[in-house]
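Structure, as structure tokens:
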Amino acid sequence: MKQYLALMEHILAHGAVKTDRTGTGTRSVFGYQMRFDLNQGFPLVTTKKCHLRSIIHELLWFLQGDTNVAYLHEHNVSIWDEWADDKGNLGPVYGAQWRSWPTQSGKAVDQISQIIEQIKTQPDSRRLIVSAWNVGELDKMALAPCHALFQFYVADGKLSCQLYQRSCDVFLGLPFNIASYALLTMMVAQQCDLALGDFVWTGGDTHLYSNHMEQTKLQLSREPHALPQMNILRKPESIFDYQFDDFELVNYQPHPHIKAPVAI
């Protein structure tokens, strides 16, 4: 994950000092891109230990269209707790937009089912896009979507995915986002009988929080290890039928975890 460390170095060297919604303060750059060949290993950061269980369960939760943290709590995942109300609800965040985007007619669009069908039947389409940025419902969401839109691309029998992330917490959030969308790309490729291509990450306001600087410097002092491999142990009937035990990460040798505060 040398690309990730290079991004951190770029922000430290060239980032602008900015204020932000949380009042924490950031050092930020605008418009940055990284590319990961998914045939060269699973892009999970090795310069600190990442909590893979949270990444997988969050993705499965999104795919079910769920927007209440109860499922996450059942699996000891607390990454959304700071934004949930007293009943565990988050409003129409990612899962709702992915699976039931409301239309003017009163119906809803299941973008995930739609995209799978389009990849299978129209692989050269330039409309293989899923969006979570529903302007009409932003005020109902506990947190506006950071990873706002992703697009699939099929060429030479390989599936690639590009994510546009309008706002990115590089130290805490980005390792999760890269791994989550890389895994989603693997799942979609399996469902569509395609080989793996690239995962491309594109960031808008790409920042390090001011209270993550020491942690960032510690991480930059560590030598990255070889990437692990992710195995999917079975092919479920649909994209919605994967379970946590279907995924096996092998040869993950990370440096120790680095604790840092979340900006809320």
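Placement of Cβ uses the backbone N, Cα and C atoms for every residue, glycine included.
Per Swiss-Prot, (6R)-5,10-methylene-5,6,7,8-tetrahydrofolate is bound by His51, Ala263; the candidate from Asp156, Asp169 named for the same site is Asp169. Going by what Swiss-Prot states, the dUMP site holds Arg126, Arg127, Arg166, Ser167, Cys168, Asp169, Asn177, His207, Leu208, Tyr209, and the candidate of Arg21, Arg35 recorded there is Arg21.
For Arg21 (dUMP binding site), the Cβ neighbour count at a 10 Å cut-off comes to 10, with all displayed protein chains included. Each of the binding-site residues His51, His207 was scored by the number of other CB atoms within 10 Å of its CB, and the largest score is that of His207.
Rounded to the nearest whole angstrom, the C-alpha distance between Ala263 ((6R)-5,10-methylene-5,6,7,8-tetrahydrofolate binding site) and Cys146 (active site, nucleophile) is 13.
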